[in-house]
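**Q** According to TrEMBL:
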type     : residues : note
TRANSMEM : 12-34    : transmembrane segment
TRANSMEM : 69-86    : transmembrane segment
TRANSMEM : 98-120   : transmembrane segment
TRANSMEM : 126-147  : transmembrane segment
TRANSMEM : 175-191  : transmembrane segment
TRANSMEM : 255-275  : transmembrane segment
TRANSMEM : 287-306  : transmembrane segment
TRANSMEM : 312-332  : transmembrane segment
Amino acid sequence: MEVIIRLLNKNMMKWLCFGAASITWLLIPFGAFVRLKNAGLSCPDWPLCYGQFLPPPGFEIALETGHRFVATLLGILIIVITVVTFRKLAYSHHRNIAVFSLVLVSIQGILGALTVTMVLWPPVVILHLMGGNLLFGILVYLARVTFLDDGKYSSARAYADSNPRKDRMMKRHHIIWMIAMLFFIIASGGYNSTTSSGPHCEAFPGCHEGSYLSFGMSGTDLSAWSGIEGHILPPAPSGFHGRFLPEYENEWIHMLHRLIAIIGGVTLMIMAWIWLKNKYGYNATGLSIIVLILLEICVGVLNAVYRVPAPISTLHTAIAAMLTGLIFFAIAENQHKKAKA
C-alpha cells in the first residue's frame, strides 16, 4: 500500500476515482443481468461458492462469481482512494467523501451477501440496487471534483468567471428533489423486477393487448434473438385480453412502476429544463438528462412489450444509473462554482 501511495501523483488520483466510478456503473447492470439470468442463487453461500474458493464450472456460476470478483476489486480500489486522502495533504479535503464511499461499499458487500443468504428477499435486493446507484453517484462526484481540482476540465469555472451572479447557482432543494425522485423511480423499478412483475402486463400503455390505444408484440418470433428455437411471444390468456387496468397484485406492481416512472420522469425533465432556462451553466448536463429520460421511457416500453428480455432490461437499469451519475456530476460542478464565487 505504501508503494502505491508513493507512486500516486495528482493525475493518477483523478484517474483512480474515474476508474472506480466506471467499475461501479458496470456493476449495476451486471448485477441486473445476473438476476435476469436467474444466476443470483447459483452460488447458495457467500463469500465462497459451494464452500470452494474456486467455483465449479457453469455459466450461471461464472456470472455470479464474476460479479463478486469485480465488486471485490472495486472495494480494494476505494480502500486505496480513501487511504490516499489520509496520507496525502493535497487530497485531504476529499477525505469525508472518500470515507463515506468506503462505508457505502462495505454496506453494499453486506447487502450482497444478504441477497444470497436471504434468497433474493425483495427489500434487500432493492436496498442493494439503490445502494449501488448511490455509490456510483458519490464516486462520479469524487471523480469530477478531482478533475476540477486539476483546473483543466472546469466548464463550471469558465462559466462562473463570466457569470458571477450568485442567483445562478443551483438551488439545494432542486438537487434534493431530483435525487429523491430518481431514487423513488429506481426503487419502484427494483421492486417490479425482483417480484417478477414485469411480464404480467404485456401491452402499453394499458396492461393487456386489445385494450384502448394499447399495443403489444404477441406473435413476434424471438428465436434469432434468444437462441431458443420456436421462441414466439404468446398472447395473454383470453380472460385478460382487452383489460386496460390492472387487477392482480403483480399487475398493480408493474402498472404503478409505470405511473411512478412517467410522473417522476416528467418531473426530472422539468427540473432539467429549469437548468437550461435559467442558464445555470449545466446546459449540456440538463439536455443529457432530458435525452436519457426520453430514451429510458422508450426502452421501458420495449422492455414491457417484449416481456422483459435480459438485454433490454439490463439496458434499462444502465440508463437509470447514468441518470444518477449525471445528477451527481452536476452537483460537483455546482459545488465547485460556489467555491469559486
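Heads up, residue numbers simply count up from 1 along the chain you see.
Cβ atoms here come from the backbone N, Cα and C positions, even for glycine.
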**Q** With CB pairs under 8 Å as the measure, which of the listed stretches 12-34, 69-86, 255-275, 287-306, 312-332 comes out on top against the transmembrane segment (126-147)?
**A** 12-34
**Q** Count the Cβ pairs between the transmembrane segment (312-332) and the transmembrane segment (175-191) that lie under 8 angstroms and are 6 or more residues apart in sequence, then report whether there are at least 3.
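**A** Yes; at least 3 Cβ pairs under 8 Å.
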**Q** Residues of the same chain, at least six outside the transmembrane segment (12-34), with any C-beta under 8 angstroms of its C-beta?
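**A** For the transmembrane segment (12-34), the sequence-distant neighbours (Cβ-Cβ under 8 Å, at least 6 residues beyond its ends) are 40, 63-64, 66-67, 70-71, 73-74, 77-78, 80-81, 84, 88, 91, 101, 128-129, 132-133, 135-136, 139-140, 142-143, 146-147, 149-150, 193, 310, 313-315, 317-318, 321-322, 325.
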